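Working notes, beginning with the structure itself.
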Amino acid sequence: QPPLPPPQEDRGFKGRINSGRLGNTWQKSALTADGFFLPTKMAAPLTLLLIVAVTIRAVLFRSSLAELIPERVEVVSPLNAWKRGSGIFMMSSYLFQTPLIIYFFHFVSDYAEIVFMMADALTAVALYLAVKDYNKTVFRKQKYALEAERYPLDCLELIRTPKEMYYIPLKVAMFYLLNPFTILSCVAKSTCGLNNAVIALFILCTVKGSSLMSAIFLALATYQSIYPLTLFAPALLYLLQRLYIPVNWQRSSFWLFTTQYTFMYLGSLCVMVCLSFFLLSSWDFLSSVYGFILSVPDLTPNIGLFWYFFAEMFEHFRLFFICVFQINVFFYTIPLSIKLKEHPIFLIFMQIAIISIFKSYPTVGDIALYMAFLPAWNHLYRFLRNIFLVSVVLLACSTLFPVLWHLWIYAGSANSNFYYAITLLFNVAQILLVSDYFYAYLRREHHLTHGLYLKRKDGSEATLVLK
């Protein structure tokens, strides 16, 4: 009989990668993350995007829509609407704005249009740089996991390639700058754009690993609207990861860094509050600003969940349900931080989305910020279950908002129930969108650990259920 052929060498996971569809990409790049994210290659498209975005805003500022958009309750709220009159800067929500923002606009009110356009551009650039740096980190972690053969053999198609990740930062900036919600918020001169810029700078400093600047910008965001307090946990988790400090209650290094970051955050917040006191020589702004946010005295219709509910509420039940509604924003922080402690950037996305849905006075500008992150999770599309339905509902609701408002306020052929119904549907769609991304993210991580094609003990195909 002829001799048996020599046994084939098992190339393992690395061999399969080099010979598979990912082979060329990983071979040519030599697994170097920096080569795929050179800032010089993306400077021209980003500059062009900024020019287009600023041009659109400048044209709208000079159009007749500049007078109409600031009157839309979907775009502005009592907390962020403003106007100029008789040459003197004044905010329509003057009593409800923080002293620092009032003092800031006292000097730049003549250049308000430029300020708001620059705020949007700054937000987009900060998000671009943050996502670019985050993608580098993700790529390196994936590279080390591949070299250590930690992934199952059947999950190659879930691995993100540099080619797929290259344009994500530009898409994130595009999703923010060209989002109609962002454009409307800018033309309405809503201070929500400034809040988004502060949060974007906080995210950038956190991703870059600057603990001090991260704490300062987080304190500034909290000073403006309280709710960004929930971003403290994901920022701390990411900085701990970056310093290779495990989340262990018994480790002194964990408590040391946590204490340092907390001190920087609270110290910055105290400085801002004290500076506000020195500007006004009074503590009245605490009740005027933060008391207004928490007690919800103004029930002007908006895209939130508070106004209609409390307009129909008996007064003696009001305090209880205000506590329930407000706690709802902060309630999800602890369970989500436990579940996503290894993925703090996705946790930041989740928290920003929760804030924009459940805050007392939301506007479309708040929604635009978390929607800008959707291109960063494009690798989750295959696991999304309701993305088409949710997208259609969001588009339909966005179109119906002005229609039902006109029927209610001007035509008189509808009432507040119609407008609140579409508001409720809009928020349900947002909740479905966020929960769908949450499910998709957890499912992908589960497949990267246990394999893509799961089997039961009897050999039949298993179904993954989120609990």
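Yeah, the Cβs are placed from backbone N, Cα and C, and that goes for glycine too.
TrEMBL lists 42-60 (among others) with the feature transmembrane segment. Counting same-chain residues at least six beyond the ends of the transmembrane segment (42-60), those with a Cβ under 8 angstroms from any Cβ of the stretch are 66, 69, 113, 116-117, 120-121, 124-125, 128, 132, 169-170, 173-174, 177-178, 183, 186-187.
Look at TrEMBL and you will find 88-108 (among others) tagged as transmembrane segment.
Taken from TrEMBL, the feature transmembrane segment covers 114-131 (among others).
Residues or ranges marked as transmembrane segment by TrEMBL: 226-245 (among others).
What TrEMBL lists as transmembrane segment is 265-283 (among others).
Sequence annotations record features per position, and here TrEMBL assigns transmembrane segment to 289-310 (among others). Counting only same-chain residues 6+ beyond the ends of the transmembrane segment (289-310), those with a CB under 8 A from a CB of the stretch are 73-74, 77-79, 95-98, 225-226, 318, 321-322, 325-326, 357-364, 401, 405, 416, 419-420, 423-424, 426-427.
Long-range Cβ contacts of the transmembrane segment (317-338) within its own chain (Cβ-Cβ under 8 Å, at least 6 residues beyond either end) map to 227, 229-230, 233-234, 237, 294-296, 305-306, 309-310, 347, 350-351, 354-355, 358-360. What TrEMBL lists as transmembrane segment is 317-338 (among others).
Sequence annotations record features per position, and here TrEMBL assigns transmembrane segment to 383-405 (among others).
Tertiary proximity for the transmembrane segment (417-439) is limited to same-chain residues at least six positions away from its ends with a CB under 8 Å from its CB atoms, namely 301-305, 307-308, 349-350, 353-354, 356-357, 367, 370, 374, 377, 380, 383-387, 389-390, 393-394, 397-398, 400-401, 404-405, 407-408, 466. Per TrEMBL, transmembrane segment is recorded for 417-439 (among others).
Panel annotation: around the transmembrane segment (114-131), residues 46, 49-50, 53-54, 57-58, 105, 108, 168-170, 172-173, 176-177, 182, 186, 189, 193-194, 196-197, 200-201, 203-204, 206-208, 369, 372-373, 376 of the same chain, lying at least six beyond its termini, place a Cβ under 8 Å from a Cβ of the stretch. Long-range Cβ contacts of the transmembrane segment (383-405) within its own chain (Cβ-Cβ under 8 Å, at least 6 residues beyond either end) map to 72-74, 180, 301, 303, 414, 418-419, 422-423, 425-426, 428-430, 432-433, 436-437, 439-440, 443-444. Tertiary neighbourhood of the transmembrane segment (265-283): same-chain residues 98-100, 103, 215-216, 218-220, 222-223, 232, selected by CB-CB distance under 8 Å and a gap of 6+ residues from either end.
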